[in-house]
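Participant: After the structure tokens below, expect a handful of questions from me.
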2 protein chains.
Amino acid sequence: MVYMKNCEDLAFPQEIKKTKQREEIFRILSEETEPVSAVDIYNRLAQTCGNSNFAISTVYRALGIFEEKGYVSKSTLMGGDMAYYEWNYGTHKHYAICLKCHKLIALKKCPFEHMKIETENDNFMITGHKLELYGYCKECRIEDEDI
Amino acid sequence: MVYMKNCEDLAFPQEIKKTKQREEIFRILSEETEPVSAVDIYNRLAQTCGNSNFAISTVYRALGIFEEKGYVSKSTLMGGDMAYYEWNYGTHKHYAICLKCHKLIALKKCPFEHMKIETENDNFMITGHKLELYGYCKECRIEDEDI
DNA sequence: GTCTGTGCAAAACTTTTGCACGGCA
DNA sequence: TGCCGTGCAAAAGTTTTGCACAGAC
């Protein structure tokens, strides 16, 4: 995990070789406040750089490197079949996902920060976790009073 | 969510039409104590019933129905690209996943049972959640002292 | 007959891989 | 030269879909 003092410190990681493509992918990830899929990134590249010389495999490969070095975290939202990627700003984030409109709402803080969790035999060393909440956002509850 | 008093109550759900294929899929799910993939189920069907007349699409369709009615929960473990399915015994389960040997270890209880979680605008109605823990199990820590 | 579930094959979709080329030290 | 990243196409793997048929009511 890479820790930074604040968002202004955000820069392309030194340990990863810079290329035009990786810089663009980094820019998109760093501008984004929500997890994005590889295809999202690819489409956004097509918009900004013309539908020119970017390959989807380049996106996957760059994301793979970023993830391997701990700069990006990968997750599968809503048990879906596509992976979403998000730049790691030191502290991780969790989301609540509206079951109706699929909007993501960030949690104020990680509920596990100071929590002790017991596994079956109490002999598991926990190093990380993933959490997703499901439910209904304010707007969807107002629209549909059954909820 | 379907609540049952205990495991002996476990029976094929009345609201779903019984077929030979669905009963077999149900049996495999109910015998299994860990999440299984559609392909796992398919292979186990091939073993028990001969490699005869079962189609993988039948497995997916049955799982889809079970999930839709709330009897089965689907998840993607370890950010992988395959979905795993598990029969819902009323109370849900969480797992700790060993990053080395990939073994699953069940949590003693859900850490969210009585927890209040705040979202950004405090206007989200939480109805469910998914949690995965990562780390190292006892055996893998002993084998590899670096951990 | 009607309805629903199924097997089979094909398609769709996400992700990975092989390979040749291009840029750069 | 050697190395690494890339584009392109093809492949792999998971999941879905179309269609005709079989079985139940």
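Backbone N, Cα and C define each Cβ position, glycine as well.
In case it helps, TrEMBL gives these features for our protein:
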- B:HIS92, B:GLU113, B:HIS129: Fe cation binding site (BINDING)
- B:CYS98, B:CYS101, B:CYS137, B:CYS140: Zn(2+) binding site (BINDING)
Participant: Just going by other Cβ atoms within 10 Å, which of the binding-site residues B:HIS92, B:HIS129 has the emptiest spot?
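Facilitator: Counting other Cβ atoms within 10 Å of each of the binding-site residues B:HIS92, B:HIS129 gives the minimum at B:HIS92.
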Participant: Relative to the Cβ of B:CYS101 (Zn(2+) binding site), which residues of the same chain, six or more apart in sequence, are found under 8 Å away?
Facilitator: B:CYS137, B:GLU139, B:CYS140
Participant: Would you kindly give the Cα-Cα distance separating B:CYS98 (Zn(2+) binding site) and B:GLU113 (Fe cation binding site), rounded to the nearest Å?
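Facilitator: Computed Cα spacing between B:GLU113 (Fe cation binding site) and B:CYS98 (Zn(2+) binding site) is 24 Å.
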Participant: Whose Cβ, among the binding-site residues B:CYS98, B:CYS137, B:CYS140, has more other Cβ atoms within 10 Å than any of the rest?
Facilitator: B:CYS137
Participant: Sub-8 Å Cβ contact with chain A: please pick out which of the binding-site residues B:CYS101, B:HIS129, B:CYS137, B:CYS140 have it.
Facilitator: B:HIS129, B:CYS137
Participant: Enumerate the residues of the same chain, B:CYS98, B:CYS101, B:CYS137, B:CYS140 excluded, that satisfy the criterion Cβ within 8 A of the mean position of the Cβ atoms of the recorded Zn(2+) site; list them in sequence order.
Facilitator: B:LEU99, B:LYS100, B:HIS102, B:LYS103, B:TYR136, B:LYS138, B:GLU139, B:ARG141
Participant: What is the separation, in Å, between the Cα atoms of B:HIS129 (Fe cation binding site) and B:CYS98 (Zn(2+) binding site)?
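Facilitator: B:HIS129 (Fe cation binding site) to B:CYS98 (Zn(2+) binding site), Cα-Cα distance: 21 Å.
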